[in-house]
Structures are given as structure tokens and as C-alpha cells.
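Have a look at this one.
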Amino acid sequence: MEQNNETSGGDFILLGFSDQLHTPMYFFLTNLSSLDLCFTTSIVPQLLWNLKGPAKTITPVGCAIQLYVSLSLGSTECVLLTIMAFDRYVAVCRPLNYTSIMHPSFCKALAGVAWLSGVGNTLIQGTITLRLPRCGHRHLHHFFCEVPAMVKLACVDIQANEVQLFVATLVLLLLPVALILVSYGFIVQAVMKIKSVQAWRKALGTCGSHLLVVFLFFGPSSAIYIQPKRSYGRSQGKFLTLFYTVVTPTLNPLIYTLRNKDVKGALRRLLRRGQSS
């Protein structure tokens, strides 16, 4: 009787997804979810506040914080999505060596590289941008403090800054896209050698969510940072920025959730129970 009382008086243990979150895919998804949550949080509150009333202002300190945080998280996502493409490559092309290659310590190191690269990029770009003289120019043709829009406020020659921005775009946008395409090129080659419909379905289920997220994020962001400087600040550019800073991070959890076989299985069971009752 005493043993039962001790057992009933203990804390509950929430197992949750403890049997799955230790896999590399779920580890990187956890990082992506945390990143997207912080990314939207750094932009949406100020955006909603500006939509509320006629006063569309932000303090210099608030603008600097928003620039540093959003740029750091956006840069981190570029690298993290590239790492996730490598994870999919190993899962499809090296399935027998997957657990040995994607070791937990190696996955943590890769995630650390992604976060550190984002911080390093924002410390360089953000600091250079904020130190530009603006000669009293305060009207920012944008809905948040972003590097390309902030550079336009400078009252000095910004050619060097534009070159620096272009180089950063090459490293953090075009290079990751190239690496992702290479990874999926090897994946397609591996699947074509198998010549099995089941293998194609498995590869699509494994990589489909990631490919969709890559397209939604890199497409609009590349258009913003690569387009000619004279077109930046127009309504089209603002909507593209809104898409990859707010819409895409909001859709990411939904995309991965609906394509997850465990979640889909739970939804099917829930619907069956509803129909039977």
C-alpha cells in the first residue's frame, strides 16, 4: 500500500516525441522551428504596431536591434536549409552509413556553424550599415529595418557597400542554393538507378517538404537581394520581403507537419474515431 502511495504521489513523465527527436532530421527541424519563431517575432510586432495607427516610427535603438536580429536569423536559415539538404542526401544516397555520418555530435556542430555564420554575417553587415552617415534622412521605404533599405538612406557614395552586400548575397544565398541543387542532383541520380516507383515515393516523401521550404524561402529572398537597386523599395519588393520574412516561416511548421507520416497517421485515426462515433 505504501508503495502504491509513493507511485501515485510522484511527478508525471511526459514522453512526448522523445523517441524521435533524437534523429538528425527532427534535430534540425527543432532548430528551424525555433529560428522561424524568433524571425517572425523580430518583425511582426513592429509591423502590426505600424498598421494600428498613423504613427509609423521606430527608435534608432529598436531599428538597430531589429536589423541585427532579423539579419542574423535570416542568414542562419540560409545555412541551416543547406545543412538539411546534406542530411537528406546522406539519408537517400548513404542509408547504411546514415547513423555513423550524422552522429549527434556532428549534427550539433553543423547547427552551431549555421548559428555562428548568421551572427558573424550580421555583425559585419549590420555594423557597416548602421555606421553610414544618413544626414538626417529618416524615411525608410520599408516595413522593417533591413540592410538594403537602410543603405539607401546614406548620403555618401554607397558603391562599396553595394559590393559588400553583393558578396554577402553570393555567399549566403547563391552558394547555399548551388549546394542544395548539387545535393538533390545526387539524390535524383541515386533514385533513378533504383528504378522503383516505391523508391521515388519514398524519396519524394523524404525530400518534398524540404524542397518546398527551400523554394518558398530562397525564391523571394534571392529576388530581393539580387534585383537591381533602382527597383528595391517598390511595392513588389515589399511584398516579396513580407513573404519570406513572415509568410514562409509561418507555413514551414504546417508544411512539415502535413507531410510527416506519424502526424498523418494520427490524423487518420482521429478522423476514423470521429466517423465511428
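Counting starts with 1 at the first residue shown.
Using N, Cα and C of the backbone, Cβ positions are placed for all residues, glycine too.
When I checked TrEMBL for this same protein, it listed these features:
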DOMAIN    7-256  domain 'G-protein coupled receptors family 1 profile'
TRANSMEM  165-191  transmembrane segment
TRANSMEM  203-227  transmembrane segment
TRANSMEM  239-258  transmembrane segment
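Tell me about the setting of these features in this model.
Along the domain 'G-protein coupled receptors family 1 profile' (7-256), the predicted structure has mean pLDDT 84.
A Cβ distance under 8 Å defines the sequence-distant neighbours of the transmembrane segment (165-191), meaning residues of its chain 6+ beyond its ends; these are 75, 78-79, 81-82, 85-86, 88-89, 92-93, 117, 121, 124-125, 147-148, 151, 199-200, 203, 207, 211, 214, 218, 221-222, 225-226.
Taking Cβ pairs closer than 8 Å, the transmembrane segment (203-227) reaches residues 74, 77-78, 81, 84-85, 88, 91-92, 148, 165, 169, 173-174, 176-177, 180, 184, 187, 191, 237, 240-241, 243-244, 247-248, 251-252, 255-256, 259, 261 in its own chain, all 6 or more past its ends.
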